[in-house]
Amino acid sequence: MLLSFLRKNLRLTGTKYGCGGGGCGACTVMVSRYDPQTKNINHWSVNACLLPVCQLHGAAVTTVEGIGSTKTKLHPVQERIAKAHGSQCGFCTPGMVMSMYTLLRNNPQPTMEDVTEGLAGNLCRCTGYRPIVDGYRTFCEGQPELFSKGDLLPLDPTQDLIFPPELMRLAEVKDQTTQRFCGERMTWISPGSLNELLQLKADYPQAPLVMGNTNIGLDMKFKGIFHPVIISPTQVPELFKVTQKPEGVCVGAGCSMSFLKSVLERSINDFPPESTHMFRALLQQIKLVGGQQIRNVAVSTLGGNIASAYPNSDLTPILAAGRCTLVALSKDGRRRVPIDKDFFLGFAKTVLKPDEIVLSVFIPASRPNEIVHAFRHAPRKESALATVNAGMRVWFNENSNVVKEISIYYGGVGATILSADRACQQIVGRPWEEATLSDVYSTLVDEIKLGPSAPGGKVDFRRSLTLSLFFKFNLLCVLCVQNVLEGQSAQDPVGRPMMHRTALSQATGEAVYCDDLPQTDGELFLVIVTSSRPHAKITHIDFSEALKLPGVVDVITAKDIPGKRFRTFTGYDEELLAEDEVTCVGQMVCAVVADSKAHAKRGAAAVKISYEDLQDRIFTVEEAIEKESFFLPRRQIERGDVEKGLREAEQVYEGEIRIGGQEHFYLETQSFLVIPIGEEKEMKVYLSTQHPAFTQEAVAETLGIPSNRVSCHVKRLGGAFGGKVTKTAILASITAVAASKTGRPVRCVLERGEDMLITGGRHPVWGIYKVGFMKDGRITAADFQYYANAGNVVDESVLVAEKILLHLDNAYNIPNLRGRSAACKTNLPSNTAFRGFGVPQCMLVVESMIDDVALKLGRLPEEVSIREINMYKEVSLTHYKMEFDPENLVRCWNECMKKADFRQRRQGIDLFNQQNQFKKRGIAIVPIKYGIGFAEAFLNQAAALVHIYKDGSVLVSHGGTEMGQGIHTKVQQVASRELNIPTSLIHISETSTQCVPNTCPSAASFGTDANGMAVKDACQILYNRLEPIRKKNPKGTWQNWIITAFLQKISLSATGYYRGHDLDMDWEKQEGKPYAYFTYAVGCSEVELDCLTGEYRTLRTDIVVDIGRSINPSIDIGQIEGAFMQGLGLYTMEELKFSPSGVLYTRGPSQYKIPSFCDVPLKFNVYLLAGSSNPHAIYSSKGIGEPTVFLGSSVFFAIKDAVTAARKDAGLTGPFQLNSPATPERACLACATHFTQMVRDESTSGPAQPWALNI
């Protein structure tokens, strides 16, 4: 693939590996070709991970390094994303840059619609997207000027790279010759003519045709399918021919989606409006097929999309409904074949013969009185495979509503697309009116069946969608038939919105991540072999066949570990490599080491593990409760007398809610490079971790050597969010064993699917509550029980369960409060730390309780009588007896209510809901009180090392790791203030255990608090040492003072230390001070919900946060927005799915959807609370990385508010359970529309297993 060629062969590491499946955009590059027919140069953004190098003959490839660098000259695209603070961890930034650069090469004056469409194929897990959009908004005319144009480099298209003239001359050659590339196991053939293509297809009938490689490439990569011969007909001009006729448009089967889009747009302008229904419907679907990069290389092209015959294809239902045909061609001749129900024989099967190719597709123009529409529902609006889609066409008699002809096709409800023939027969010859359509709904319910174990699950929802989408078609047909601080020094950077210190390097691709490090001599690659059983004894590991394969050097098992074979977490041991027994699918068993990644993967596939299955498998918390499978200790905390409070309450309500897990989905997967020095067992470990000292200790213990022989080096992380601590140390240890055994450097970089399978994520939680309250809304008592699905090993689950209980009260002063929590031991991959560490799950349960109290009383939860009356208002004690002042919590609440214009908007929403039946709006406002710091006091310490060199430059080392949160930038600001020098003189190279020993993790929103204080201490020591010299020469320069100090033998190096807060929590006494202080915030969101499909759009979000005196407002606002968007994903869209046997289904961006550009609130306002200070942290700032994740729940509760309005129309009132995430499926079914009721009334629960577990 182009990606590996760029990174390994050409050492152009700016292009990143993020997922390997074209789903994240981190590997985006620009491909340019010269068209000899039009004499134009065409530019496309493409995913390098899917593009074969063999396919690039005659093309020019531009990477992020080619458009600009900090060493020569930046391109405006690179500069503007950096200056707009659109780069945090920076791993996605080169892909964003290249998508935007390609757009500007094609259109130097884009609209905002062009920008959002061009970036739709790129994902970011850090920023929340707004600053990226703001940076690139500056290229659009007529947009608000957020930056002074004088401060930005101008866009000058004349300065862009020229297309190589030699490639132009090559493209002008008329006769193309067949190209043949032979690899180790595969032959790639690119024929030069149509006749050669037909002959090749006759010679190799089973050989697939590859144009965009978005289908075959993924099957080979992820499913292990092997093709000895591949035919790529990209040089055959007949496959790209377009002919326009009065009857319609004939499009070559090789045309990409982007090219087809331009053809349809042109046809819509050329044909009369009444003839363009089909074109418009098809165009609507194409715009939602993948991202721009995927559409540019084809999505298997138009012909490939049809021939692949996937049941959830976005195009085939509308092509079938729209009377389209194709020309099939072989050596034996050609034939015209209708694209209809008879064309598709089954899953990925059609009537095409093995030696036939699809030459062209005819798309007919719509006839008079003919209406065509396409519909689609997907987990995310863009870049997501459809859950259900449909193509529908109706042809009326002239001047009548009587139906002459109708076609209804659905995708996603069977092994292939389904034609609703019986429903169509019900309609033909009858008028388009309510009586006819009522019969159709009943027929559709009978006609479209899905069993409980149907692949993809969501059975009731998918069947309901078939009715809802037809109802939408009905509505469209009816319309057609009817019509900084005062006085602060200018040099002092603290409190100013300083750009991320490496943002420009990240935007140019120069920033180095772990896998960007150059290959070392003799380097090997390691691939992990994981268990395929959820609970079994290992009877034998046979790797004899693996060792016979070319390039395979060794296989590492537990027996090869010279030191400790396990890591201990909270009193439990976790094996590095399973030896006798496996307890989940995805547990690491052994590792294959080879001379290349490809050889290591082949070797891993050849390892055969024999098992003896054990029957006592546990997957869900219910099963764990039944079998008392818990990690101890189980915690409990209580204040007041809960039983008495419940007895004295005027009303008591019992409820529950389930919160699903969440994948970290950091863009940079787990990455390691371990180099044995060859002397005294020394090891250098380069890796991506939040806790280098923990990894150092793990590697040393695993190898049986002292820690002083192991040095860990972290330059930066491409995102982490809690997921690069525990499993990272284990993976590093395994890699180190391989390096030690072979005596050679070993690299290990997990594939996206491997990473998601092995490393775990956020804990799914089942929350049960019982609440007593008065008629005025005052809560007298609440009793909570939390069950967290910990997985197969303890990891940090017990600590997560403890933190859940410590945030039990959120912002509410409930006099009688009790909480119990349990970490359930199951046979799923173990879950681990994730931004918020249990708090986002805990607080959703608390706020759901508040919501249910409001619904029970028939009131709104944000009314004074519900949320506000229960909120802390004066100096109080928490339920663990820690005193705090909630003044800023109340200020945040009042300010958010005012800034969001809450009460006025609530009235408008109520009016909107009265006037609309199938669209409802909802609004919600939620507070948070989040504790900052580690309850384990020793984790709050930090150290730093500061060197001043003779030229005056300063090198700072500290224990924090840079993962996008801006800790290095803030530390640089701290050093700048304390030494009174510009930030340009200060450099931070890396985080290394050689410079600062015994560091604590960069976690718990405490990194800057601790490391900033340590750096401050070191700088103050140095500044005080220079005081006599400054007094003697007050007008001297910094450089003069430093030279003088050196000559006077004054040490210019200092260690700084910060002891940290003495925090603790005594669980026996149920009291303590586990946090240094609290960060407060309030978020308000408004959504609009489509009750027929469950799809929603966040119209507006307002957030007010108390972060004390911000050290860097731009970085802090970026953290707030990014955390909010991650919370929005947690609560509304991100779903982990496991099979009934415990296999993770969702192993990449094609199955697991994180928020994209299209999910950012249309109006997004962040306000920092003015006049706040915090005496407990550096410069009165506050930790901000984690708290605002929970504010994403404001969208969840806004959806629930909209669902409540829909249920009211259906005659349903009072509390109801809406589990998280509030996916379109859950929201749609909760609305209880007529269509969902029809499906549920008809549904019968059979004996079949469901497709996925309810975790």
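The backbone N, Cα and C atoms fix where each Cβ goes, glycine too.
The feature [2Fe-2S] cluster 1 binding site is assigned by TrEMBL to CYS19, CYS24, CYS27, CYS49. Using a 10 Å radius centred on the Cβ of CYS27 ([2Fe-2S] cluster 1 binding site) and all shown protein chains, the other Cβ atoms total 28.
Around CYS92 ([2Fe-2S] cluster 2 binding site), a 10 Å sphere centred on its CB holds 30 further CB atoms from the protein chains shown. According to TrEMBL, the [2Fe-2S] cluster 2 binding site annotation covers CYS89, CYS92, CYS124, CYS126.
Look at TrEMBL and you will find LEU209, VAL210, MET211, GLY212, ASN213, THR214, ASN215, ILE216, ASP314, ARG376 tagged as FAD binding site.
The feature Mo-molybdopterin binding site is assigned by TrEMBL to GLN690, PHE721, ARG835, ALA1004.
Feature annotation from TrEMBL assigns substrate binding site to PHE837. The number of other CB atoms found within 10 A of the CB of PHE837 (substrate binding site), across every protein chain shown, is 25.
The domain '2Fe-2S ferredoxin-type' annotation in TrEMBL covers 1-67.
The feature domain 'FAD-binding PCMH-type' is assigned by TrEMBL to 181-368.
The binding-site residues recorded for this entry are CYS124, GLN690, ALA1004, and the Cα of CYS124 lies nearest to that of ASP314 (FAD binding site).
Looking at CYS19 ([2Fe-2S] cluster 1 binding site) and CYS92 ([2Fe-2S] cluster 2 binding site), their Cα atoms lie 11 Å from each other. Excluding the listed site residues GLN690, PHE721, ARG835, ALA1004, the same chain places ALA720, GLY722, GLY723, ALA833, PHE834, PHE837, SER1002, ALA1003, GLY1185, GLU1186 with Cβ atoms within 8 Å of the centre of the Mo-molybdopterin site Cβ atoms.
Listed in sequence order, the binding-site residues from CYS92, CYS126, LEU209, MET211 having a Cα within 10 Å of the Cα of PHE721 (Mo-molybdopterin binding site) are CYS126. Of the chain residues outside the [2Fe-2S] cluster 1 site list CYS19, CYS24, CYS27, CYS49, LEU3, LYS16, TYR17, GLY18, GLY20, GLY21, GLY22, GLY23, GLY25, ALA26, ASN47, ALA48, GLY95, ARG752, PRO1149 have their Cβ within 8 Å of the site's Cβ mean position. Taking only the Cα positions, the spacing between GLN690 (Mo-molybdopterin binding site) and CYS92 ([2Fe-2S] cluster 2 binding site) is 19 angstrom. Residues CYS89, CYS92, CYS124, CYS126 make up the record's [2Fe-2S] cluster 2 site, and a Cβ search at 8 Å around their centroid adds SER87, GLN88, GLY90, PHE91, THR93, ARG125, THR127, LEU667, GLY718, GLY719, GLY964, GLY1122 from the same chain.
Among the listed binding-site residues, namely CYS126, LEU209, the Cβ with the most fellow Cβ atoms inside 10 Å is that of CYS126. A 10 Å radius around the C-alpha of CYS24 ([2Fe-2S] cluster 1 binding site) takes in these binding-site residues out of CYS92, CYS124, MET211, ALA1004, in sequence order: CYS92, CYS124. Note on proximity: among CYS27, CYS49, LEU209, PHE837, the binding-site residues of the record, the Cα nearest CYS124 ([2Fe-2S] cluster 2 binding site) is that of CYS27. For the binding-site residues CYS89, LEU209, MET211, ARG835, a Cα-Cα cutoff of 10 angstroms around CYS27 ([2Fe-2S] cluster 1 binding site) retains nothing.
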